[in-house]
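Among the features that TrEMBL reports, ATP binding site is placed at Gly88, Gln89, Thr90, Gly91, Ser92, Gly93, Lys94, Ser95. Per TrEMBL, domain 'Kinesin motor' is recorded for 1-227.
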Amino acid sequence: MVAVRIRPFSEREERLGAKQVVRVLNSDLTITSPKDSNIHRFQYDHCFWSFDDIQASFADQKTVYNEIARPLLDKAFEGYNTCLFAYGQTGSGKSYCIMGEPSALGVIPQFANELYDRIEGTADEETSYKVEVSYYEIYKERIHDLLASTKHKSKTHLRVREHPVTGPYVEDLSTYVASSFADVERWLALGNRFRATAATGMNDRSSRSHSVFTLVLTQTKVGIIHF
């Protein structure tokens, strides 16, 4: 599934007098060339119009989550691996969509919040759940652990290995049990803080890197013997 979201103009774009050349109708997106007025059409599984809230089809953070992320949570509880990948140039709105802000939570916070709501609603004496988190960054083809427990370890370049059964994994990557939504928020904040610190001294490193936040949900059926 591929989706595209159209954000509002940035302050810089407004100062420069940028023109709106993108239009959305259902799952169709059109771009009108400002030079020759030629119209180019593209089709996606979802087109989210977030440029302004004038149109009835305006998509807020909740709409985006419900359409593209909630189905992944359903699959996770069915035992499938799921992945959501945000792609776009610097300033395109990736961080806002994925992380959001306190008044408009992004995909990851909404996903984690509903994850724990479902765990609480379905847990019983025969089923137990465990959630683990990891967070790493890929910069210049090197992997850095954003949740490393020591400053020295965080600078270590980790390696990708291949497991014969489960497939690729990052060797020696830190993983932590997250018992609540608050735990996930805390680990996210820690990793984001490390990325921000690195960016200040490296020509905005975060804008030229990729980060991967992983939630591992383990469901265990517990056998009960009654005597």
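Each Cβ is built from the backbone N, Cα and C atoms, and glycine gets one as well.
Here the features listed in TrEMBL are placed on the structure.
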| residue | record | contacts (Cβ under 8 Å, 6+ apart) |
| --- | --- | --- |
| Gly88 | ATP binding site | Lys94 |
| Gln89 | ATP binding site | none |
| Gly91 | ATP binding site | Ser10 |
| Ser92 | ATP binding site | Arg7 |
| Gly93 | ATP binding site | Arg5, Arg7, Ser50 |
| Ser95 | ATP binding site | Gly106 |
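Counted within 10 Å of its Cβ, the other Cβ atoms near Lys94 (ATP binding site) come to 19, all protein chains included.
With a 10 A radius on its CB, Thr90 (ATP binding site) counts 10 other CB atoms from all the protein chains. For the recorded site, Ser92 (ATP binding site), the DSSP three-state label reads coil.
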